Amino acid sequence: MANFTTMNGFLLMGFSAKPELEILCASLFLVSYLVALTGNILIITATSMDDSLYSPMYFFLKHLSFLDLCYISVTVPRYICNSFMHNGNISLWECILQCFAFTLCGCAEMAMLTVMSYDRYVAICLPLHYEIIMNFNTCIHGILAVWISGVISGVMHTAATFSIHFCGTKIIHQFFCDVPQILKLSCSNEYVSELGVIVFLSLVAFLCFICIGLSYMHIFCTVLQIPSAEGRAKAFSTCVPHLSVVILFISTGVFAFLKPHSDSPTALDFLLSVFYTVLPPTLNPMIYSLRNKAMKTALRKVFKRRKAYFFC
């Protein structure tokens, strides 16, 4: 931490050195951000206002939407502003805060997806015991575990990253303070302790993925026993997109952190960062709500109330 007073900050390079391409990328990010913002706010509003959605599934979905809002807001708005203002400077403490918030939200989202997969497992495989298992205390403890795991991961990751000394130009070849890119600026092999934290968090993410995979294996086995072909198709059409987003989120994030670091940035680095920072918060509202009849009904009620209020 002694190097805090000797550093002025970093320079975020973004996606392109050409202003025209950078503005185009920022515009695409702005569209994605507005889509994510609108979708997640609608989910939070609907699950808070509609009494028919007061169940563990929608309780967790509301918190997932809040996490998605925080997760995408940590990086994307800053990048959009930097691109339009042609200024990629970010102070040391802003970078530290961004790194902490990004890690917190990312790890908390991973934990939330694990909790939600367990909720779906109980609902589909143990329907008679659902209300007993997924009671109010279980839901609260699940949310507390999600946020506590996120905070602990954020503190560990940020402390290990910024305890190293940095040499040379403080240029980050990414659109946000990405830890793998920050580690390239270390003076020597001081980042060994940080690599230990990354490996530990990757193992935790892998365990979460195993838990999610086991939950969905049991779900699919139960669904295959449904006599109705229409019922099986409906269940699969709901579960498969959920699992696809989980695989995309975990695989790209873990690969970005564990792959060998190169001295010069590659298109793969930028593409992976988009996959685990922008796509999940944008796609989750579509997958978890727009395909759900109860959610569609609740959203119609919200719009009708807003319309009636506006004309009154």
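The backbone N, Cα and C atoms fix where each Cβ goes, glycine too.
Because TrEMBL annotations are produced automatically, they should be read as predictions rather than curated entries.
Residues or ranges marked as transmembrane segment in TrEMBL: 21-46, 58-80, 92-113, 198-223, 235-258, 270-290. Residues or ranges marked as domain 'G-protein coupled receptors family 1 profile' in TrEMBL: 39-288.
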Contacting positions for the transmembrane segment (21-46) when only residues 6+ beyond its ends and CB under 8 Å are counted: 14-15, 53, 61-62, 65-66, 68-69, 72-73, 76-77, 79-80, 83-84, 86, 278, 281-282, 284-286, 288-289, 295, 298-299, 301-302
Whole-number mean of pLDDT values that fall within the domain 'G-protein coupled receptors family 1 profile' (39-288): 84
Positions on the same chain near the transmembrane segment (198-223), where near means CB under 8 A and six or more residues out: 107, 110-111, 113-114, 117-118, 120-121, 124-125, 153, 156-157, 179, 232, 235-236, 239, 243, 246, 250, 253-254, 257-258
